[in-house]
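Presented below is the structure to which this report refers.
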Amino acid sequence: MVKFSREYEASIIPEWKAAFVDYKRLKKLIKRIKVTRRDDSFAAANAAAAADHLLPPPPAEKEAGGYGFSILDPVRAIAARFSAGQQPSASEDEECPDRGELVRSTDKHEREFMERADEELEKVNAFYTGQEAELLARGDALLEQLRILADVKRILADHAAARRARGLARSRSMPPPPPSSSPPSSVHGSSGRYLLSGLSSPQSMSDGSLELQQAQVSEGAAVADEVMAALERNGVSFVGLAGKKDGKTKDGSGKGRGGGGGGGGGVLQLPATVRIDIPATSPGRAALKVWEELVNVLRKDGADPAAAFVHRKKIQHAEKNIRDAFMALYRGLELLKKFSSLNVKAFTKILKKFVKVSEQQRATDLFSEKVKRSPFSSSDKVLQLADEVECIFMKHFTGNDRKVAMKYLKPQQPRNTHMITFLVGLFTGTFVSLFIIYAILAHVSGIFTSTGNSAYMEIVYHVFSMFALISLHIFLYGCNLFMWKNTRINHNFIFDFSSNTALTHRDAFLMSASIMCTVVAALVINLFLKNAGVAYANALPGALLLLSTGVLFCPFDIFYRSTRYCFMRVMRNIIFSPFYKVLMADFFMADQLTSQIPLLRHMEFTACYFMAGSFRTHPYETCTSGQQYKHLAYVISFLPYFWRALQCLRRYLEEGHDINQLANAGKYVSAMVAAAVRFKYAATPTPFWVWMVIISSSGATIYQLYWDFVKDWGFLNPKSKNRWLRNELILKNKSIYYVSMMLNLALRLAWTESVMKIHIGKVESRLLDFSLASLEIIRRGHWNFYRLENEHLNNVGKFRAVKTVPLPFRELETD
């Protein structure tokens with residue numbers, strides 16, 4: 001049976017660990033009380049024994065040897081017993097101070113326990129009430145947002161129905177349309193799509209005839225009036241409320257902003273467009289935000305009211321944001337319920353232990369009643385709000401389908417099966433066997449000797465090294481997942497991975513083992529085909545590349561489809577860095593790419609070799625010595641650093657011009673400069689460029705080491721209680737951190753090999769390059785653990801266990 005202390009430590013929410021009952025410390029206090037009471041009993045027993053030794057022997061024993069048995073012996077025994085009862089009083093008086101001190105010592109520890117338990121109770125109550133108030137306020141805000149959204153959709157649906165009715169009446173008075181015209185859309189009652197079908201898009205404002213545009217303007221004015229009236233009823237203000245229907249401006253005059261002097265008042269100006277605040281996380285949303293700002297500028301200059309249209313995309317994004325916010329709210333409520341139940345159970349268990357040790361039943365009962373009356377134990381507001389959120393989510397977002405609603409609100413964790421473990425072992429054993437077979441065949445064929453086939457080495461090295469580096473990186477990611485799980489680092493929350501997207505360490509090991517098994521099998525088959533003289537044997541690596549590409553883009557729900565699609569989304573965000581909001585998963589993956597530059601170079605050669613059809617004629621020099629190839633290699637060498645620098649610039653603008661992001665971008669710029677200098681040195685190895693390589697690479701390495709240790713890992717803090725580390729550490733053995741710093745320093749200096757000019761053969765040179773690339777990947781996998789550990793501790797320090805979703809409708813000040 002698992003002890004409660006272990007179960008408790010394994011169940012607490014990592015980000016809220018400091019707010020939970022310190023069960024371990026209370027248990028230590030109980031153990032101290034137990035030890036003190038045991039010492040008391042031993043001291044009392046020793047005092048009694050000492051008192052017995054101080055008693056004089058009974059008179060009967062004194063005289064028994066000289067006088068024998070007498071009928072007066074009972075009388076003497078009574079007298080001796082009476083004198084013995086009187087004499088120990090002096091010894092007891094002598095022992096009283098010690099016993100009293102021991103009793104006071106025990107009372108002191110019991111009092112210390114009760115005071116500590118009371119402090120823990122106050123801490124739990126304070127945290128619970130704060131979180132409860134925050135979640136209740138968030139719930140009220142979300143209900144208000146949902147009410148606003150419902151009003152907007154209702155108004156738009158009413159106007160869409162009126163427009164459809166007018167169109168139907170107009171069509172009855174007009175000749176029938178030609179057969180090529182599209183039929184009218186059908187109404188989808190519960191889907192909600194029809195509610196948004198009548199909204200105009202920015203492009204539609206300039207379409208159609210003049211009469212149609214005037215009709216759209218007047219209709220847009222009416223829609224805008226009703227939408228903003230509904231939103232104002234819900235307490236939302238707008239930018240540009242200077243122009244009202246009565247034509248009065250801020251200064252009280254009756255002229256509008258565009259009003260002339262004579263005839264009849266100012267031009268009617270509506271308030272600015274409905275400000276649905278959608279974060280510009282993608283190019284589409286960014287373009288929509290730019291369009292909205294342009295519309296605001298035009299509105300202030302007296303543009304037509306058609307610019308006040310609410311767009312369908314904005315409503316859809318607003319609805320999605322509100323749905324995600326409800327899911328995050330429900331997640332927070334579930335965590336707070338878990339926080340409450342675990343603390344109640346912890347107090348119950350620890351008080352039972354205290355009663356057994358101290359026998360303070362009355363004090364324990366009083367404290368138990370205090371715990372029961374505490375807000376975290378007695379309040380039912382969280383339970384009520386959770387039930388309300390379930391009903392609201394089911395009604396508004398899943399069409400009253402409770403099963404679908406629970407899939408969103410309570411996503412089920414995938415069950416671990418032993419089949420994955422079995423497949424990992426199977427593929428690993430197969431890989432080892434095939435690798436031994438390949439090593440024997442390669443040795444017999446002599447392909448790795450100096451007199452071997454250089455073309456085979458040039459072709460096979462690039463293609464299969466690419467897969468080997470990918471497999472190694474996935475394997476190290478699996479090691480990271482294993483360590484993060486054991487140390488309770490909430491990596492899925494940090495990366496914002498859903499339950500069906502996140503991999504386990506077994507999944508990563510399975511992917512790595514299957515890739516390597518397939519690669520080595522292809523190596524063995526390729527070697528057999530070459531020795532047999534089969535034509536187009538070099539097409540096998542291309543077939544392997546085509547197979548892997550097909551698996552990556554496979555649309556069927558096999559081979560971890562959700563994870564593959566998530567990977568492709570992250571890669572899209574990296575490639576188009578300035579146009580997408582930079583999330584933790586995006587820049588973490590971009591950092592991985594900076595360690596995979598050799599992999600990108602291998603991909604470049606492979607694409608050139610097979611797309612140009614070189615495997616038919618074997619002129620691999622086409623893809624290694626061409627001028628365009630060299631220029632492309634130069635671009636690829638610093639492309640990951642360029643993407644990462646763009647991400648830093650995007651974060652600099654988004655996070656209020658944080659200077660740290662500019663400094664981080666400078667780190668990647670220095671790496672690009674060092675890569676460019678090394679590339680130039682490889683082309684023209686002169687003494688001048690040797691010194692330039694040493695200077696640029698040394699500067700970039702110092703910059704990177706500082707950022708690794710201080711910013712990414714949080715080390716080198718001179719005021720830390722852990723010397724030259726940080727205050728909070730997850731691993732208990734501090735020497736591991738010092739060794740890791742030295743290892744990171746050594747692996748960061750791998751670039752020194754490029755200036756040593758070691759004279760070795762072509763085969764050995766290829767193997768050395770592969771080894772250095774592997775060491776860089778190992779360094780990155782080693783870096784990953786401490787980077788996420790530091791991020792996790794930052795979340796713990798801020799009690800951040802639930803993501804914050806920005807709300808679309810926000811209150812804005814008037815101009």
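Including glycine, each Cβ sits where the backbone N, Cα and C put it.
What Swiss-Prot records for this protein:
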REGION    83-108  region 'Disordered'
REGION    166-213  region 'Disordered'
COMPBIAS  202-213  compositional bias 'Polar residues'
REGION    242-266  region 'Disordered'
COMPBIAS  255-266  compositional bias 'Gly residues'
TRANSMEM  422-442  transmembrane segment
TOPO_DOM  443-458  topological domain 'Extracellular'
TRANSMEM  459-479  transmembrane segment
TRANSMEM  509-529  transmembrane segment
TOPO_DOM  530-538  topological domain 'Extracellular'
TRANSMEM  539-559  transmembrane segment
DOMAIN    624-815  domain 'EXS'
TRANSMEM  687-707  transmembrane segment
TOPO_DOM  708-734  topological domain 'Extracellular'
TRANSMEM  735-751  transmembrane segment
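Spatially, the transmembrane segment (539-559) is not adjacent to the transmembrane segment (735-751); fewer than three Cβ-Cβ distances between them are under 8 Å for residues at least 6 apart in sequence. Taken residue by residue, the topological domain 'Extracellular' (530-538) breaks down under DSSP into 2 helix, 0 strand, 7 coil.
Broken down with DSSP, the topological domain 'Extracellular' (708-734) shows 5 helix, 0 strand, 22 coil. Summarised as a single figure, the pLDDT of the topological domain 'Extracellular' (530-538) averages 77.
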